[in-house]
Amino acid sequence: MGPIGKLKLGQNPMATATIAAVVILMNFIVIASAADVPKLEIFPSQKVQRKAVGQAMILTCRPNVPSPNLVADLQWKDNMNNTILPKPTGRNPPMFTEYMTGTESLALIINHLSVEMEGKYYCTASYATNEILETSVTVKTYVGITWTNAPENQNPILGEDYVVRCEVKADPNPTIDWLRDGDQIRTGEKYVVETNGLLIRNVQESDDGIYTCRAAVLETGELVERTIRVEVYSRPAITYLPTTLEATEGKPFSANCTATGKPVPEIFWIKDATQQNVATADRFQVNPLTGVLNINSVTQDDYGTYTCIAKNDAGVVDQKTKLNVLITPSIHFLYNVTGDSQKEIALTCRAKGRPAPEITFSRWGSDDEYAAGVQVDDERITLEQHFDEEKGESSGTLRIARAQRSDDGLYQCKARNTGGTAYATGHITVQFPPDFSHMKDLPPVFSWEERKVNLTCLAMSIPNATIEWRWNGKPLKDLNDKNLQIVGTGPRSDLIVHPVARQYYSVYKCVATNILGTSQIDIQLKEARVPEPVPAAEPKQLTATSITFDIRSPPVEFGMPITAFTVQYKEAINPDWSTAMNRSWSPDSPYIVEGLKPQTMYHFRFAARNQVGLGMWGVNTQQSTPKRSAPEEPKPLHSPVQNDIEEPVVVSPYSDHFELRWSVPADNGEPIDFYQVKYCPGVKMAGTWHELENQCQSVEVADSTSYEMSRLAGNTYYRIELRAHNIIGFSSPASVIMKTTRGIDVIQMAERQVLSSASIVGIAVGGVLLLLFIVDLLCCVTINMGVMASMCRRTKRSPSEIDEEAKLGSPNGWRFPKPNCSGQLVKEPPPSPLPLPPPVKLGGSPMVSPSDEKQPLQTPTESIKQNSTVEFDGKFVHSRSGEIIGKNSAV
């Protein structure tokens, strides 16, 4: 250091400032002088340029001279001191020079740097003709990190050791480490970091995931990561494939080969005999995902061994199976057979198939098959079976010893194997001699009044029988009697008899003959007569206007049943039966005579009718009707449930209401005007009924035979009393014990009393009724008309006036029931087959409706009266008009 440097700057500030100024001035002079020196500059300006092999680079040489136009021969020389030429047209050499547009710079462009290009490159030029300018740059190369074997998706096999590959090339050599989920993996029991990758021992599904391979070059500072997705695969395994398969010829077939693996394996079917993938064959379809093999229609050629192959990226597995083709049975021999009764009959059936089918028989229409050997329930029948497996044939023979008529019929042969069942039907005909068993219990044939009659003879036989008629031991065909005509000679023959004389009412013999024998039967022709007189007819039930009789039928001949019973009746004071009324009933209907007068004696006589006509009158009896009285007790229409020891109980299906229904009882001479229904809740204590009298309710029901009791208590017993009422009084009560079901208890909150819409409607209706009452009262007072006037007149009648009205046919009397007084109880009779005139009143006789028609014995043709016939169909009684029956009414 000179003297200036040895000065202590802190001691003389003025000197320090002076020295600093001198230094700055000297540096400025140096820079100014340097700027005037011509030179070449290379960019980038570093003297050593490091680039990775394979990369592209550009070096630019620019003159830095006072007068750029004096620069000449600017060029680049390579590491071998060879001049680098500019880029030729249409070519792209690995290294060339190129002037940069808008500048005086010359660029050296290297498209792909190689190791051989490493070295010193020069840029030279001449300046002002005689000055040579030169500068250089050193290019050094290195090999960058390159992944040579590091797939981004790798698939280890389940249960095996696997190296996750990650091979890297670099110069200088790199270092490798591994990460999983951001954490570094170190060598241990599970993982081993190797030079070529990461070893995973005994790979499991839990090893699935994302792994990171990280490469670093410490000399260059290069760090590169490679993300590798690891998905564990499993080798395919066939889980289901039967060792043998069975298909049926001519039918579709399906088989399944199931395999597991990851990824899902693809399945192939190979026929071993031809090594053909059956997916490409006709009639075959294979689903490669499910392994299902379908054959549209199996043929015998499909028989053989097949291999199921399951393949995925983890491996291949195969398994073999054998396909047996079954041949559906076919019956090729079955003929109808005919045999005689009491002899052996054999029915044989033959069939083909593979395996050889089993053959059985069954009667047509029955599912029960005959078992092989002797039948347990019929030792006469034996089933024989024979099999030939080599030929695929079998036969079955059904043998019937001592054949009977019941063995005749259709038989079904069934040939069955695992491929299916074939059916064929054959007939066994059992021949037998003529038989008349079906005619043994037939009644005789009847005729009367010389009516022609048909005597039919039908012989059961195989083969058909020939029929011959005989009378008094002689063939009818030889008599040539025009009153005996034969139609047909077998197996059915009809003998038409015209019984013009009593000799024709006789026994005729039918003789049937076939090749197996002869049989005969007697057919009797009888003369039919009218029934005997009715032996007895007793009154069973009396009312003021009707009598129900119990009629005993007279003895009848087999084949001539009673078709009707007829009664004639008149008042005892009338001596003339010709003016009597009559009524007819079918034998199965109630025998009821209606429309009678109360407190009147009647004479009755009865007769029976058959196909011939009306029999003699019998059982001439007298019977008086009781006086008009209260109605009969009505009958409730409810089925009680006997759940009480002492009294049956009717159970309501509801907890708060019950509909009581009943039938219309006899009114006993006066129409029923209403019914009274009374019901009281109660309990039974120690077998005694206790009613809650203060809770009883009573209502009157008009024009109806039902009443719905509402607002009942749930799970409560009620005693119901039902009475019918007419002008005379009440009937005896019909009693019913009813129990409601258990209801649902509902707690209701008390609400503030308000006027509801129902109350408003009730007030309005009450106002209208009050207005009508006032108008009716005024009509009663002023003109003696209206409802109140009618009621006043009615209440003033005396019993004698009532009787007089009944005698004179008053509308208020018993002859004219009030319209609609019984609602819908009386069912309308079915329409009469003949037109009927309107009912009229003749000679004081009661007015009748079409269901109460009456007819005197002798009525002029211009009369409108007709007979009535009563028929009972089990539910209702129907009345129909019929023939006029007179005093001399023999038919």
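From the backbone N, Cα and C atoms, a Cβ is placed for every residue, glycine too.
Predicted automatically and left uncurated, TrEMBL annotations should be read as such.
What TrEMBL annotates here:
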- 828-840: compositional bias 'Pro residues' (COMPBIAS)
- 856-868: compositional bias 'Polar residues' (COMPBIAS)
- 38-140: domain 'Ig-like' (DOMAIN)
- 159-229: domain 'Ig-like' (DOMAIN)
- 236-324: domain 'Ig-like' (DOMAIN)
- 329-429: domain 'Ig-like' (DOMAIN)
- 434-524: domain 'Ig-like' (DOMAIN)
- 530-628: domain 'Fibronectin type-III' (DOMAIN)
- 644-744: domain 'Fibronectin type-III' (DOMAIN)
- 620-641: region 'Disordered' (REGION)
- 796-868: region 'Disordered' (REGION)
- 760-787: transmembrane segment (TRANSMEM)
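Taking the domain 'Ig-like' (159-229) as a whole, pLDDT averages 89 in the prediction.
Break the domain 'Ig-like' (159-229) down by DSSP state and the numbers are 3 helix, 43 strand, 25 coil. Secondary structure of the domain 'Ig-like' (329-429) per DSSP (helix as H, G, I; strand as E, B; remaining residues coil): 3 helix, 64 strand, 34 coil. Taken through DSSP, the domain 'Ig-like' (434-524) splits into 9 helix, 48 strand, 34 coil.
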